[in-house]
Structure formats: structure tokens, C-alpha cells
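Taken from Swiss-Prot, the feature disulfide bond covers Cys5-Cys19, Cys9-Cys21, Cys14-Cys26, and the record attributes it to similarity to another entry.
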Amino acid sequence: GLVPCGETCFTGKCYTPGCSCSYPICKKN
């Protein structure tokens, strides 16, 4: 399945496809 967003993005960057940084956690686009 799809990888859920939820990584931290203290650098302002999300590496999970389809996710964007909603500091400090990546959220779905």
C-alpha cells in the first residue's frame, strides 16, 4: 500500500511521495 505521511521535516523537506511539510510533520498533499 501507500506509505503514510508522518515523517518529521525539520529541514522543510518530505521524502515520502505525495507528502508536503506541515512543520514539523509531513502531511498528505
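The chain as shown is numbered from 1 upward.
Note: Cβ is positioned from N, Cα and C throughout, glycine not excepted.
Structure coloured by features recorded in Swiss-Prot.
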residue	record	Cβ neighbours (10 Å)
Cys5	disulfide bond	19
Cys9	disulfide bond	19
Cys14	disulfide bond	20
Cys19	disulfide bond	19
Cys21	disulfide bond	17
Cys26	disulfide bond	21
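If you measure from the Cα atom of Cys9 (disulfide bond) to that of Cys26 (disulfide bond), you get 6 Å.
Looking at Cys5 (disulfide bond) and Cys26 (disulfide bond), their Cα atoms lie 5 Å from each other. In the three-state DSSP scheme, Cys14 (disulfide bond) falls into the coil class. The two recorded residues, Cys21 (disulfide bond) and Cys14 (disulfide bond), show a Cα separation of 6 Å. The two recorded residues, Cys26 (disulfide bond) and Cys19 (disulfide bond), have Cα atoms 6 Å apart.
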